[in-house]
Amino acid sequence: MCLSSLTTSPCSASSTDSSSLSAGASKRNDMMENNLQDLSSEDMLVAKNSMPEDDPNGNTLHDAREIRWGPQHAGAKLLASQYTKEKRFQEIISIILCIIFMIYNFFFICRYFDVRNCYLIIPSALLGILTADLASGIVHWCADTWGSVDMPFIGRNFLRPFREHHIDPTSITRHDFVETNGDNFAVTVPYLLYMAYKFTYWNDTDIRKIYNFEVYMFLLAIFVSMTNQFHKWSHTYFGLPSYIVFLQRYHVILPRRHHRLHHVVPHDTYFCITTGWLNWPLEMIKFWPWLESIVETYTGAKPRSDDFAWAQKTEKVHCY
């Protein structure tokens, strides 16, 4: 008989079980080391220090009594249990409103389209995608690095999914469309509403003056809305449509292999998750460490302290 409880110490087991587990773990580690010899140093870093994404439980290469990732991790189970009905209702309303305003505004985007302005429209659209990628990185960095799940309102509603995702990365693949995308859709609703107001009440002359900017904002809104869906696909290793795999392969949206680098502990790199286009240049200029040093200097807060605390929660198994 086994009873489980949250604690921060490892479990005890019989010497026979321990020796069997040790032998099995040693054998698996030897196999992993042999397989890693043919990989690049980047691949080795990912394989040794992040959850194997082709295993939804994430513990096949590790001792089952030392759960490092996955849905059986004690912290992951507690965080998942904090998803509330009220939160889901907010997500459903946000998605409905966003889709309504998207369709309404798209009608006017098409109505005022002028092929003679393509030389401005296309750069505006690309800039919107780049802005969405940068915004995803900044929001992702803020939520991963600072704050606590215990903070009023924002903690449980907005920081909780980020903590859960690091200790159970494939949890996002088990979330439905609403839970995956609700918050991102909500972010776009205020400006989409304002855009709809302008298209409805402004005259044609004024609308044409701001048309390129609205194209920029519309593409920004679309890619912000879809960011977490792209993120979900980057963790989905089975059953993706061929066109999604094609877009990932050619880095139109966030590729799977590219995003794996973020999931190497301590999760302090490659934060952009819309397309991931800006990850390389931001890493080259050490953008995130620079920001963290500024925040830590002026606030005294330690980056990722709450994230680390949740990762340290383990599950002790008492055997009788």
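Placement of Cβ uses the backbone N, Cα and C atoms for every residue, glycine included.
Look at TrEMBL and you will find 129-306 tagged as domain 'Lipid desaturase'.
Sequence annotations record features per position, and here TrEMBL assigns region 'Disordered' to 1-25.
Beyond the transmembrane segment (92-114), the same-chain residues lying 6 or more positions past its ends with a Cβ under 8 Å from any Cβ of the stretch are 121, 177-178, 181-183, 185-186, 188-189, 192-193, 195-196, 199, 204, 207-208, 211, 214-215, 218, 221-222, 225. As annotated by TrEMBL, transmembrane segment applies to 92-114 (among others).
Taken from TrEMBL, the feature transmembrane segment applies to 120-143 (among others).
TrEMBL lists 210-227 (among others) with the feature transmembrane segment. Residues 98, 102, 105-106, 109, 112, 114, 117, 120-121, 124-125, 127-129, 131-133, 135-136, 181, 184-185, 187-188, 191-192, 195, 198-199, 273-275 of the same chain lie 6 or more positions beyond the ends of the transmembrane segment (210-227) yet place their CB under 8 Å from a CB of it.
Under the heading transmembrane segment, TrEMBL lists 233-252 (among others).
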Outside the transmembrane segment (120-143), six or more residues from its ends: residues with CB under 8 Å to it: 113, 158-159, 162, 212-213, 215-220, 222-224, 227, 271-279, 282, 288, 291
